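Look at TrEMBL and you will find 6-193 tagged as domain 'MHYT'. Summarising the annotation, TrEMBL assigns transmembrane segment to 12-30, 42-74, 80-100, 107-124, 136-156, 168-188, 208-233. Taken from TrEMBL, the feature domain 'HTH LytTR-type' applies to 280-386.
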Amino acid sequence: MLEFSHNPWMVAASFAVALFAGFSGLSLLRGASALATNRRKLLVVIAAVVLGGGIWSMHFVAMLGLQLPVIFFYDGLNTLISALVAILMVGLALLLLHFGRRTRARIALAGAVLGCGIAAMHYIGMLGMQLCGPVFGLPGIAVSLLTALGLSNLAIWAAYGSRSKAHILLGTLCFAVAVVTMHFVAMAGTEFYRSEAAGTAGPVLSNALLAMLVTLSSFVISGVALLSGVSFFTPPEPQATSFASDTNPTVPAPFARHDADPEPAPDVAEAVAPAISLPVPFERDGKTHFAESTTIAAIRAEGHYTVIYTGKHKHLCPWSISEACARLEPYRFLRVHRSYLINPLHVSHFQRTKDTGVCFFKEVETLAQAPVSRSRLADVKTALGV
């Protein structure tokens, strides 16, 4: 068997590639679940190519740093198949996450699919080596597969447990750690022998040619990461102010008349009385549309944006949950949870669960319920008159 070692600079470079790929793919999909189906499919395809291509690029950047006492090259067909398998497996994991209800079981399954994809890409790519054959032991395969499954699940849970910026960044780090750790754990369980026979099913890829391909893919991934970072870290431009009264800008329009003609404090019924409607922007088919606030049942945080729920539909709104709360509280909307804002007019019934509660929406097909946190429980009960 042949002795081998790794170039530490190439190890560091492989981790950087995995990090860029993870950030690009995960940040691209922030808010994707609220988009129209066709746009969501397109984003999933792009993210799958970036993440799968990142796994492939990381592997072969590390392999370029593999130091063996013999010259070796790669079968082009095996190398291509390894890239396609990685992209397809990542795509399947993303489909599980962005189409259908995102339950704990689906998140765990997506993590398992991602882990299997990382492991499959690695071993298919290794089988493409020529003039120097790898030998895999069952214990080494088992340990590397378990490593991939465990760390991939950790990455998916970190990124999708909550779609905030912090969780996406944590998921990025976990993704890079998963890919790199699995690779070197698998390499630790691999031995190499000199092989004189070279039977390739496709064109021969030397290390020099492979270096050019990997450099190109790494450049594309880095470029996508830079473009993703612009929208990820730059706050959105402030929206135009609502149609509030100009006579007293510090007082929202629905309440302005009470300053000129004081009245007794409203009772519980008046607390949820209809108010002047505010147009709320949302994105669909590449255009900005507006929904009247009176038609919106609830608003849920989705990363730096929000999702608005109107009967049979849900839409991505460019406002953050904090901005939506500031704009819509004067219009009788109520913050019930750090991630939820509701319109009490659409609540069909309320259920208290110990120190928290749940608001239900019978007429809203896209959102069955919204949680009520302990700190907001008293306000909700007052607004609903319970």
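Cβ coordinates come from backbone N, Cα and C, glycine included.
Bear in mind that TrEMBL entries carry predicted annotations, made automatically and left uncurated.
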Sequence-remote partners of the transmembrane segment (107-124) [C-beta within less than 8 Å, at least six residues beyond its ends]: 52, 55-56, 59, 78, 81-83, 85-86, 88-90, 92-94, 96-97, 136, 141, 144-145, 148-157, 160-161, 178-179, 182-183, 186
Per-region confidence, the domain 'MHYT' (6-193) (mean pLDDT, whole number): 91
